[in-house]
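Colleague: Have a look at this one.
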Amino acid sequence: MRIGQTSIVNFLSQIATSVFGFVVTVYLARELGDAVLGNYFLVVSVLVWLKVLGGQGIQMAIRKRVSEGESEGAFFGAGLAVQLAAFVVLAGGVLVFREPLNEYLRTDAAFGLLALLATGLLLWQVRAALEGRHRVALSSLLGPFDRTARGALQIGVVAVGFGTVGWLLGGYVVAELLTGLIGLSLLAIRPRLPTREQLRSLLEYAKYSWFSGIESRTFASMDTLVLAIPAFAISSGQIGVYEVAWNLASVLAVFGASVSTTLFPAISELSSAGEDGIEGLIDDAVAYSGLFVIPGLVGCAVVGRRVLAIYGAEFTRGYTILLVLVAARLLYVYQSQFTNVLAAIDRPDSAFRVNVTFVATNLVLNVALVALVGWLGAAVATATSATVGLVLSYWYLRQYVTIPIPVGELASQVLAAVAMGAVVFVARGFAGAGVAWTVALVAVGGGAYFATLTVLSRRFRATVRRNLPAVG
């Protein structure tokens, strides 16, 4: 089975946006410093959790029920109604606890959070409906459009002298609102009043899948929330450096996320129809999820300090953090594939058990290790909880389907990454200082990796040929 042009479109759009996002973050870091950037990232982390609590389970339920191909408008309408109710509850909580929330955030951002919550939830539900209708390529373009618009607006406000957290959040709000409205206009279904049975079906799925959202966001931002606890005395500057390292690690996992997004509706449809072929999709997911993370780990070990120096000299202190977080990303990219399949085959109960364990492990380890060893403890906690989640998700999934492990393909990727590391290590000795030389080293490494992988892996060569556009 081929990965397909849909996954490639998803990936390329994400990569293009990640490159632009890298430029935006570098600009903001150099203009505003690590402390302002740290406060901004903290607000975004809290926003992410509010969105998860108020919308993730609903989003996943819309995607699943719409993907089944029946009563799409009714399920979309049910999701929007439940979403509105959840937003009202969360907004009330933010307003009631506005003062302590602002103290924790180290800036006055409560009202900005409410605006971001509204626009973010709208965009989530629209994208869920698009993905449920198998329009993954279109949905995958909305995300990059949102982040590109956000980055452009944020660069604009800083360039004209409004370099505060509030103005950065304002650019975020405008970009999400615009993207959500565009997505809604492109959605070929319109919300309808659901029946009681349809509403019950949506909520039945959401009651388990909402915790999957907590699991993914725990992995993405629990460490940031713990680092901001006043008792641990972690500075805003350290949080800014940590988040830059996390963002770099996350770029490497883009392809794995694209594969997961693309395969969910296909696996869901096969499962609902009782057809074969799920094992082949799992095999593809495992084979290609680490395609960029594996060499990324080796590359960060060799030139990670140079890459961090692009943001500013103060960011190089995050080198060890970067290595641990990339390792965590590598583990999690496989775990997320397994939990994604559990959700797609309508086993949210099993995914729920995995996610509860993951969240509990992550929270306990974050608090304990940050208290013991500081900010490095947060990275170690993230990597350890990813290991636990990977083992559990594999164990649960194998109870329902056969899980093929493409050992040969994974070995080829590891060998190609080691060869790449050797090439870059030697080249580093001849490279001068500066951004241009660092970019050149990364480019040389990428070329060496894919050239070696092409030689080693027949499967990779075949996949590339199948997904190249036809000529003539």
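Residue positions begin at 1 at the first shown residue.
Note that Cβ sites are derived from N, Cα and C of the backbone, with glycine treated the same way.
Any TrEMBL annotation is an automated prediction that lacks curation.
This is the feature table in TrEMBL:
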- 7-29: transmembrane segment (TRANSMEM)
- 35-53: transmembrane segment (TRANSMEM)
- 74-97: transmembrane segment (TRANSMEM)
- 109-130: transmembrane segment (TRANSMEM)
- 151-169: transmembrane segment (TRANSMEM)
- 244-265: transmembrane segment (TRANSMEM)
- 285-304: transmembrane segment (TRANSMEM)
- 316-334: transmembrane segment (TRANSMEM)
- 372-397: transmembrane segment (TRANSMEM)
- 409-430: transmembrane segment (TRANSMEM)
- 436-456: transmembrane segment (TRANSMEM)
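Situate these features within the shown structure.
Modeller: Sequence-distant neighbours of the transmembrane segment (74-97) (same chain, 6+ residues past either end, Cβ-Cβ under 8 Å): 50, 53-55, 58-59, 61-62, 65-66, 110, 113-114, 117-118, 121, 125, 128-129, 189-195, 198-199, 201-203, 206.
Distant neighbours of the transmembrane segment (151-169): 20-21, 23-24, 27-28, 31-32, 36, 39-40, 43, 107-109, 112, 115-116, 175; these residues of the same chain sit at least 6 beyond its ends, with a Cβ under 8 Å from one of its Cβ atoms.
Same-chain residues lying 6+ beyond the ends of the transmembrane segment (409-430) with a Cβ under 8 Å from its Cβ atoms: 286-287, 290-291, 294-295, 297-299, 301-303, 306, 441, 444-446, 448-450, 452-453, 456-457, 459-460.
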Colleague: With CB pairs under 8 Å as the measure, which of the listed stretches 109-130, 285-304, 316-334, 372-397 comes out on top against the transmembrane segment (244-265)?
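Modeller: Most contacts with the transmembrane segment (244-265): 285-304.
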Colleague: Mind checking which residues reach the transmembrane segment (285-304)? Cβ under 8 Å, same chain, six or more beyond either end.
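Modeller: Answer is 3, 248-249, 252-256, 259-260, 263, 319, 322-323, 326-327, 329-330, 333-334, 337, 340-341, 403-406, 409-410, 413-414, 416-418, 420-421, 424-425, 428, 438, 441-442, 445-446, 449, 459, 463.
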Colleague: Could you tell me what the rest of the chain brings near the transmembrane segment (109-130), counting residues at least six beyond its ends with Cβ under 8 Å?
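Modeller: Answer is 43, 46-47, 50-51, 54-56, 58-60, 62-63, 66, 72, 76, 79-80, 83, 86-87, 90-91, 94-95, 98, 101-102, 136, 138-139, 142-143, 146, 165-166, 169-170, 172-173, 176-177, 179-180, 183-184, 186-187, 189.
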